[in-house]
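These features come from TrEMBL:
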type     : residues : note
REGION   : 42-85    : region 'Disordered'
COMPBIAS : 43-53    : compositional bias 'Polar residues'
TRANSMEM : 109-129  : transmembrane segment
TRANSMEM : 155-177  : transmembrane segment
TRANSMEM : 189-210  : transmembrane segment
DOMAIN   : 251-323  : domain 'Sphingomyelin synthase-like'
TRANSMEM : 254-271  : transmembrane segment
TRANSMEM : 283-303  : transmembrane segment
TRANSMEM : 309-331  : transmembrane segment
Amino acid sequence: MSYYAPKAKPVAGGTLRAVYEKLYSNCSTFRKLHYEEVPDSYDYNSPNATNHHPSAYPHPGSPYHQQNHQPPPSDTGSPSSDAVMIKIDTPSPLRDDQSRYPKEIGKTLLALLFLAGNFFLATVSLSLVHDRVPDRDVYGPLPDAFLDRVQPQDWALDVSEILIMVVVNSCVLLITFHKHRFIVMRRVFLLLSILYMMRSLTMYVTVLPVSSRTYYCSPKSNASSAGVIVKRAFQLISGMGLSINGKQIYCGDYIYSGHTVTLVLGYLVISEYSPKRFWPIHWIYWLASLTGVVMVLVAHGHYTVDVLIAYYATTRLFWTYHTLANNSLLLKQNGNNYIGREWWYFAFRYFERNVRGPIPLQYDCPLSLPSSWTKKSPKLPGRES
């Protein structure tokens, strides 16, 4: 819809949205505005063109000019003298914070369930791969540009997993005190789910020889029954897939590195959802993540290609997902939105359909204090504070 409105003074901010909100917030000023609805375009060649948009200055040969023999009157004082045409796309009414960033706890629980299922799928895949790993007495590690030049150090894997625990616990603490914690949680759950699903497939379809000559691998089973596979899977789950607690004794989980996925994703979450002025802390966690990844290679826990693929998959998925989430126009799946052809796009639309735009970096306490704790104690009579 197009309107004629008197030219207003510049409003702080200088944007059309600021002008729009100013007009609607000041009702008394808004009532004084003179609006005249006009069509979006004119056909000046039509006979009725003058009826729709009469000229302020008649033609010299017109009857008006011949009868009055004087210049046309000035429109300086008229309401439409300084009029400009403003084309306003009326937005939806401003919503409160709760409706703009809904908690949707049910979706968060569904994303957590999705993560649990894919993590279990990854442990089952490793349990199956363990019996298919080439015999390390016959097949040595594959040639690797980094591993061939560095002697394996078993302690380095413990250092990497300690850094993983530090980064993960820091992410948990950050998300807990984020005001929109449920949105952040389901994003992290969904991203981890996708990464673990792809990892369970890649490690199963291509089984590589053990990359370390010193890492302990549990003996293979001659007949891997369903009971043995499930037992191995729950043993891996009980140790959260870490070797430092002695639960990860199965080999073959290469392409790609789960350690690298966790470290890189942890850093990305901290840098994305913590205040930008905390850039020194961001650099500290970047350094911690880089150190953890290098320690995995020093321990010969993974091939270098495992680390590179894990980095690429994690960063591209994280950046693509947040590009979609921060631009509501990309929620529409049409012929021009090629990102909408991602196989996980349907899940993204379901979880992000009610969250429009980037979420603000706001924080609060997840548990509200009792009102009696915050209430001021009454003053005693005769005593001055």
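Just so you know, glycine gets a Cβ as well, placed from its N, Cα and C.
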Which residues, given as numbers and ranges, are at least 6 beyond the ends of the transmembrane segment (155-177) yet have a Cβ under 8 Å from it?
-> 184-185, 188, 242-244, 259, 262-263, 266-267, 269-270, 273-274, 285, 288-289, 291-293, 295-296, 298-299, 301, 363-366
Tertiary contacts of the transmembrane segment (189-210), as residues 6+ beyond its ends and Cβ separation under 8 Å | 108, 111-112, 114-115, 117-119, 121-122, 124-126, 128-129, 132-134, 136, 139-142, 217, 251-256, 258, 261, 265, 303, 309, 313-314, 317-318, 321, 344, 347-348, 351
Beyond the flanks of the transmembrane segment (283-303) by at least 6 residues, Cβ under 8 Å = 141-142, 144, 146-147, 150, 152-157, 159-160, 163-164, 166-167, 170, 208, 211-215, 243, 254-255, 257, 259-260, 263-264, 266-267, 270-271, 311
Under an 8 Å Cβ to Cβ limit, what residues of the same chain, 6 or more beyond the ends of the transmembrane segment (309-331), are close to it?
-> 187, 190-191, 194-195, 198, 202, 255-258, 260-261, 264-265, 268, 272, 293, 337, 339-340, 342, 345, 348-349, 352-353, 355-358
Please list, for the domain 'Sphingomyelin synthase-like' (251-323), how many residues fall into helix, strand and coil according to DSSP.
-> 59 helix, 0 strand, 14 coil
